[in-house]
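Colleague: Here you go, one structure.
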Amino acid sequence: MDISVEFSGHKLANVLMNASGIHCMTIKEMDELAASQAGAFVAKTATPNPRQGNEEPRYFDTPLGSINSMGLPNLGIDYYLDYQIARQKEFPEELRFLSVSGMNYEENIAILKKVQESEYTGVTEFNLSCPNLPGKPQIAYDFELTEKLLTEVFQFFTKPLGVKLPPFFDIAHFDAMAEILNKFPLVYVNSINSIGNGLYIDSDKEEVVIKPKGGFGGLGGEYVKPTALANVRAFAQRLKPEIKIIGTGGITCGKDVFEHLLCGATLVQVGTQLHQEGPQVFERLAKELQEIMAAKGYESIEEFRGKLKEM
């Protein structure tokens, strides 16, 4: 079964990636992703300067997924830019992904200008959706600000750019955000980031399980798959065909990957399950996806991608 895919001018061996934030903080972790069976990998979301992130404990595995309030810990944009530029020289045929986010409007502009002015030629993921910065609202929930920011960005940014979105829950919001995104030459939309401000409780101890924000944190894993599929489907129906979709949320097995693709995703990112299982997860997911395709008689992804049937 052929599970390869074309994306941003490159042919990838399969549709699988890590989600930024998982197993991609250090050179060692990124090298492990590069050596894995993932079709591509994205670096940790970088800020202009290194960040420690929120207080620990800030991540907790639950029976159905995870809750986290990491607070964007990272080693700074220079670290990840230098790493990807070095790989670019060593493996020029490889598709590379950076991920960036500023702490405010000005930092978002500044960090993208830094990428624009660098030697880096790969794809940049602009994170508009971190739910775990105390006192900082998610940019993408402010439609007017999102449009203003992207308008300014595309006055100078000429390299491939995608955006990572939070989950939306209202049809009117899908309509409004898609209308904004369709105005810009985006390579892709990544949907979804974790569902913000969930609460998981240890009933034996009668306390929360993570420290930041009084225990409130972003949900991942099986909890979020129906919401992720809905967002992938909604944007697949609304975005112009030039804007691809990366589906993220709730990937535990090949069936989950298949469903994201069926809803219209071109690539699929794995977060919680990668954290729990390690980079070997990609080999398992690829095998399970191929088994599903074989059972259904599909020989390539494009035979079923985006072809979810309605009743």
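Heads up, the Cβ atoms here are built off N, Cα and C, so glycines get one too.
Copied straight from Swiss-Prot:
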- Ser20, Lys44, Thr45, Asn127, Lys164, Ile192, Gly221, Gly249, Gly250, Gly271, Thr272: FMN binding site (BINDING)
- Lys44, Asn68, Ser69, Met70, Gly71, Leu72, Asn127, Asn193, Ser194: substrate binding site (BINDING)
- Cys130: active site, nucleophile (ACT_SITE)
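Walk me through where these features lie, including what they touch and how far apart they are.
Modeller: In sequence order, Val42, Ala43, Lys44, Thr45, Phe97, Ser99, Glu125, Asn127, Lys164, Gln269 constitute the residues six or more apart from Ser20 (FMN binding site) in its chain with CB-CB distances below 8 Å.
In the three-state DSSP scheme, Ser69 (substrate binding site) falls into the coil class.
Of all the Cβ atoms in the protein chains shown, 24 others lie within 10 Å of the Cβ of Cys130 (active site, nucleophile).
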Colleague: Listed binding-site residues are Gly221, Gly250, Thr272; which of them have CA atoms within 10 A of the CA of Cys130 (active site, nucleophile)?
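Modeller: Checking each Cα against Cys130 (active site, nucleophile), there are no hits.
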Colleague: Provide, as an integer number of angstrom, the distance between the C-alpha atoms of Gly221 (FMN binding site) and Gly71 (substrate binding site).
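Modeller: Given the Cα positions, Gly221 (FMN binding site) is 19 Å from Gly71 (substrate binding site).
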Colleague: Whole-number Å only: compute the distance from the Cα of Gly250 (FMN binding site) to the Cα of Ser194 (substrate binding site).
Modeller: 10
Colleague: Identify, among the binding-site residues Gly71, Gly250, the residue whose Cβ has the fewest other Cβ atoms within 10 Å in this structure.
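Modeller: Among the binding-site residues Gly71, Gly250, the sparsest Cβ neighbourhood within 10 Å belongs to Gly71.
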Colleague: Whole-number Å only: compute the distance from the Cα of Ser69 (substrate binding site) to the Cα of Thr272 (FMN binding site).
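Modeller: Approximately 13 Å lies between the Cα of Ser69 (substrate binding site) and that of Thr272 (FMN binding site).
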Colleague: At a 10 A cut-off on CB-CB distances, which of the binding-site residues Thr45, Asn127, Ser194, Thr272 has the highest count?
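Modeller: Going through Thr45, Asn127, Ser194, Thr272 one by one, the largest Cβ count within 10 Å is at Ser194.
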Colleague: Specify the count of other C-beta atoms within 10 Å of the C-beta of Ser69 (substrate binding site).
Modeller: 29
